[in-house]
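Reading through the structure tokens given below for one structure.
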Amino acid sequence: GKMAAAEERGGSSLLSAGEEEPPLGLDSLVEEAAAAAPSAGFRLTAVRREPAVRLQHGVSGLEPLAWSEDHRVSVSTARSIAVLEQLSDIHSGGQEMVIHRTAVPAPSTACLLKVGPKKEVAECKEKFANSMDPTVSQTFMLDRVFNPEGKSLPPMRGFKYSSWSPLGCDANGRCLLAALTMDNRLTMHANLNRLQWVQLVDLTEIYGERLYEASYKLSKTDTPRGELGDFPEFQRRHSMQTPVRMEWSGICTTQQVKHNNECRDVGSVLLAVLFENGNIAVWQFQLPFLGKESITSCNTIESGISSPSVLSWWEYEHNNRKMSGLIVGSAFGPVKILPVNLKAVKGYFTLRQPVVLWQEMDQLPVHSIKCIPLYHPYQKCSCSLVVAARGAYVFWCLLLISKAGLNVHNSHVTGLHSLPIVSMTADKQNGTVYTCSSDGKVRQLIPIFTDVALKFEHQLIKLSEVFGSVRTHGIAVSPCGAYLAVITTEGMINGLHPVNKNYQVQFVTLKTFEEAAAQLLESSVQNLFRQVDLTDLVRWKILKDKHIPQFLQEALDKKIESCGSTYFWRLKLFLLRILYQSMQKAPSEVMWRPSHEDTKILISDSPGMGSTEDDQEEGTSKQASRQSLCDTGKGMDIDDTADDSLPQSSDIGGREPMEEKLLEIQAQIEAVEMHLTREHMKRVLGEVYLHTWITENTSIPTRGVCDFLMSDAGYDDRTARVLIGHILKKMNKQTFPEHCSLCKEILPFTDRKQAVCSNGHIWLRCFLTYQSCQSLVYRRCLLHDSIARHPTPEDPEWIKRLLQGPCTFCDSPVF
């Protein structure tokens, strides 16, 4: 709809297919830039979003910034990969973006590629270093692939590139991180306990072992190339396993037939690794990826491209057929798509032969490639938009499959930047592309379809107007297009360069609150966790205004009335919780600062509070924990917060209306939580009915859940009544109560959150199965909303599936 509206507004046209390309010179740049004024309908106002996160080390590698589907930003630096996780916190009243910060440290030892037996490699290195031929000795000594440990040269520390997998690849259903170090070590990492990153596998080591076993031949028909003592062979063995880039495919789902003839969905994902010599290794991993045992296969494709610089997956769906290929770009200029034969994955197809998208060897290196799936409004079919940054220009190509075959339209967009593009990112939901150069200028390109191909409407975002004078090193757009993350350092001031460089990750908004709210209401995903960037914009607005806008309340109520989806109830719960936080008074002092006054004097000074010392300590610890959640590297100004908070009245009469308002919101929150709990209880009972025999006992307190649902006289749900009737009939008067593990007394089901036996022992209930968690170890939701038990080996498959679910209140994963 956005593109169609743009077409009607008739924005300024850049190059489209069939038009003659202008000369790529400075004059044409100036003319094109002057002619490319954006129309008023696309005017974008970028607003700064606090906090700015300072990096401990300088950034390294190409495209150092990446934003994952589960809202984690990775920044490649000289000592580690800094990971910034965006949270839409429901426990904090601070207006800043809440960020949880972790890091993937660089390995302490240098990576030596396996090119032969250790003794023989050492002898060859000494021979080449002491060679009388300077073309051999100097080439060897100065090549950091051969000498990663450095010796007299500076060490190769830091990361060259990082890439996030799709959502649903690790054991928690989140994204995996593939990291490539400067010394060519390719590893995969997972964040399983939320505080620490674990290396799952070293792909460089495994690939080197495979090549060694195959005598460095890609196929059995290959003829031996020579001995390791020959310098060209020594170079060849290194270049065939030196990674340049790596990219993840989408998740492929196939059906596996079990021994009892049941079908089970099995997920797999592909990782394509581009090597220096043009070869591409395609790894296939079974999901969830746990380690080396999850590797299914590895196939090597010869691309035939010299000096490859970048690659990207091309995934296309036509007539319910999924097609895939790999787009490879060269440092010399050409771009082409290579077929990828996925015999192991049913339902996938590929190209019969390579397709050249750009063949000119014009010495404009391909820096970045993005492939965006779109719908063509005129041809009434899906299509692929491929964009590549080449120097200061953007090359684009529209791929469309029709009855005549594969249609290819391509051209260049010029006049965007006066300096080379250092980073490019794309919003895959609407096809918007963002490019930036090092001078702090970002361009937004919006594709607009024409009868034949497309054109671009673009406008300039000057970061100097948002952050002041800055230099930019990388950009990344959030999954739903709400924010743009930017790596910045200080720019020139009065014509002078800064003495020191302070690298920061800063955020700007790309959407307004109204756009974010509309997108949440019309979302096809219907999952709050996958739209954290949108919910954060809404959270920011409510915390500033201290009320939920009327139009959003009315639209949400209409959705709840017309649609039975629990997603809108969860959205309502989120809005109410943020509204509750906005009404809370800000603490009068920083909670972590130690008090030099005696605690007894403080308690005696406030006898009318009606709380014990223990209660006050507990409340302080809760507030301190909430403050620490909000602490994101840039402290909140207490004076500003106190000014923004509601007027604090000293008399009791002044507090009563606010307390009544808080109690009213609290009652609404309880009502929504109860509705969501009942809906999930119905789902759990449905699973119990489908998967149990007559009078079969399970770990789920079925009778307790049934009694809890029917205990409220005001709750009249015909579906629940019928389901409970069937289950009670199947249980045949059996109750199967839970027992306390400490005193063996019966645990009554009177509370959805906890179970208390007659001796006062309290056990928290799992929110996914409603079983009491009678162990010291359990899992918590990402926002600490609920707890869940760990699956056990004796659990049947259907209970394990229930335990894999997200939080029923906020859609967050469970750790």
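Glycine is no exception: its Cβ is also placed from the backbone N, Cα and C atoms.
The model shown is predicted, which means the values in this text are computed figures rather than measured ones.
Of the listed segments 1-22, 133-154, 243-264, 287-308, TrEMBL assigns region 'Disordered' to 1-22. DSSP states for the domain 'Transcription factor IIIC putative zinc-finger' (732-782), grouped as helix (H, G, I), strand (E, B) and coil, give 0 helix, 15 strand, 36 coil. For the domain 'DUF5921' (512-589), residue counts in helix, strand and coil come to 57 helix, 0 strand, 21 coil, using DSSP. Across the domain 'DUF5921' (512-589), the model assigns an average pLDDT of 92.
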